[in-house]
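Taken verbatim from Swiss-Prot:
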- H79, A120, H121, S122, G152, S153, N180, Y290, E372: thiamine diphosphate binding site (BINDING)
- D151, N180: Mg(2+) binding site (BINDING)
Amino acid sequence: MSEFSKTPLLDTIRTPADLRKLRIDQVRQVADELRQETIEAVSVTGGHFGAGLGVVELTTAIHYVFDTPRDRLIWDVGHQAYPHKILTGRRDRIRTLRTGGGLSGFTKRTESDYDPFGAAHSSTSISAGLGMAVARDLAGGKNNVIAVIGDGSISAGMAYEAMNNAGAMNSRLIVILNDNNMSIAPPVGAMSAYLSRLYSGKTYRTLREAGKQIGKHLPKLIADRAARAEEYSRGFMMGGGTLFEELGFYYVGPVDGHNLDHLLPILQNVRDADTGPFLIHVVTQKGKGYGPAEAASDKYHAVVKFDIATGAQAKAKSNAPSYQNVFGQSLVKEAQKDDKIVGITAAMPSGTGIDIFEKAFPTRTFDVGIAEQHAVTFAAGLAAEGYKPFCAIYSTFLQRGYDQVVHDVAIQSLPVRFAIDRAGLVGADGATHAGSFDNAFLGCLPNMVIMAASDEAELVHMVATQVAINDRPSAVRYPRGEGRGVEMPEVGIALEIGKGRIVREGNKIALLSFGTRLAECEKAADELATLGLSTTIADARFMKPLDVELVLKLARDHEILLTIEEGSIGGFGSHVMQTLAEHGMLDGEVRMRSLVLPDEFMDHDTPTAMYARAGLDAKGIVKKVFEALGKDAKTDTVKLA
């Protein structure tokens with residue numbers, strides 16, 4: 001341990017067992033050093049920032065009080081897990097966060113025994129924790145199970161389903177509500193802290209359980225009134241919790257999440273309890289301890305590399321507008337002409353571009369929170385009344401509302417317009433956020449129009465196309481990040497439904513692209529031309545309805561037909577192959593190949609590296625063409641533009 005170290009106590013901690021050897025006064029210093037280490041690490045890597053700073057004391061207290069990993073600690077979403085990773089043997093790799101071969105930006109079971117359950121999507125922690133608590137009870141175990149969930153995540157329906165189940169089972173589960181928005185918390189003061197400590201203690205719990213037993217022998221009316229009076233008296237003194245009590249939880253809080261003198265004894269009391277479930281309401285501040293993040297928590301929720309002294313984030317030069325901005329701006333232009341257009345997002349206004357629409361039309365914009373199921377059916381209700389809802393959701397989160405897409409939208413042919421953001425691979429957020437499956441899970445549904453934009457100009461036209469579709473649902477998918485820098489149209493023009501376009505004419509090889517891999521097809525075609533292989537490039541535009549005429553022409557007129565998409569097996573390529581099979585085109589000499597994402601969950605890296613590994617870049621396309629020709633492409637020597 002260097003005498004010049006800025007983190008001398010943290011330097012002694014390899015695992016939480018080392019932390020538990022320290023005195024309480026030393027734990028406070030560890031928390032201060034942990035916050036500094038988190039700031040320095042994220043300034044180098046970028047990533048989710050504000051939430052982690054807000055739970056430094058809570059993270060330290062949990063690992064100090066509980067016997068992790070024997071006691072199971074589950075973090076909802078995982079945005080706040082960086083301090084947890086530092087304390088659990090991963091500090092030496094913390095500056096590899098979200099890079100190829102480095103640490104995940106979320107909790108991950110294969111990464112550490114201290115991550116008993118993986119996370120990235122919200123509101124799963126209580127359900128998983130309850131499952132682990134029941135498994136413990138069935139096995140006769142005594143360990144604790146702790147689920148930490150934020151005030152945003154707990155608003156989702158799944159969290160309430162889990163709490164309702166846990167309360168009914170009287171499970172010995174500990175839920176810690178990390179309230180960093182002050183959305184349901186009253187002011188936190190000394191009296192509140194004292195009462196929380198008192199009510200979490202054994203004496204009060206014993207008296208309360210005794211009261212319950214006595215109540216069983218009283219007339220029901222008297223027993224019910226006594227229980228209700230006890231609940232409301234604590235609700236009045238504690239400033240809340242009645243809802244959680246109604247769900248069967250023993251509520252403790254609110255507690256100052258940055259005060260270890262308050263946190264430690266409460267966690268110790270709950271740890272030693274033999275009843276449950278508990279909900280500890282902890283109030284924290286996003287970005288705590290770093291001035292710029294405290295002042296602008298929204299801007300420092302997730303960051304790129306930044307200068308610690310100033311808080312200034314590194315900004316790459318932009319050569320083209322982002323797809324998100326193009327979508328938002330296009331929707332605004334359409335809505336200026338049509339007052340039936342409304343925008344819907346599930347807690348992702350800036351990520352989807354709906355924030356641009358909201359600035360122009362605040363009364364026609366609806367952020368429903370972390371509630372994708374509700375968002376879809378809410379949109380269906382609007383569509384049923386003649387409005388034109390644009391439901392902007394990340395591909396990975398649309399998975400959470402799939403039954404609603406089928407049951408409430410598609411079966412009824414309601415014209416909900418889905419703007420599917422983050423289609424394809426997303427890079428640093430890895431498998432949990434990849435938009436890999438929407439081609440497959442939407443493509444199998446009747447009554448759907450499915451489009452993919454090959455560039456930002458095409459997205460403008462596809463938004464206009466969706467506005468004009470009033471007899472069935474539609475979807476347009478597009479990736480994260482910037483477009484290609486193509487010339488932008490002044491206005492969007494509705495496309496002919498189910499018709500693709502020829503981008504370049506050839507006679508030997510046909511590349512049929514669905515989505516933004518079109519740019520890589522053009523590079524591959526240039527290379528193939530230098531090798532004497534004349535190549536046609538087609539932009540499918542539509543996966544459903546498929547341009548059957550175009551598919552058959554490409555198959556008849558070329559020796560090789562290759563489909564390319566940013567999606568899993570079962571998507572666009574499968575639809576093309578089904579069409580060829582139905583027309584007897586696979587019985588003859590047509591050689592058709594399909595380039596899709598590999599049948600695996602791909603770990604995080606840069607999108608460029610991930611697509612290269614998937615074989616979905618120009619080099620991979622050339623290689624696949626030569627494989628279909630039965631020749632050696634000698635890809636090591638292929639020089640791509």
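Positions of Cβ are set from backbone N, Cα and C atoms, glycine also.
Looking at H79, H121, the binding-site residues in this record, the fewest other C-beta atoms within 10 angstroms of the C-beta turn up around H121.
Largest Cα to Cα distance within the recorded thiamine diphosphate binders H79, A120, H121, S122, G152, S153, N180, Y290, E372: about 33 Å as a whole number. Take the binding-site residues D151, E372: by the count of other Cβ atoms within 10 Å of each Cβ, the lowest one is D151. When the Cα of D151 (Mg(2+) binding site) is compared against those of the binding-site residues H79, H121, N180, E372, the shortest separation belongs to N180.
Within 10 Å of the C-beta of N180 (thiamine diphosphate binding site) there are 24 other C-beta atoms, taking all protein chains into account. Under the DSSP three-state reduction, E372 (thiamine diphosphate binding site) is assigned to helix.
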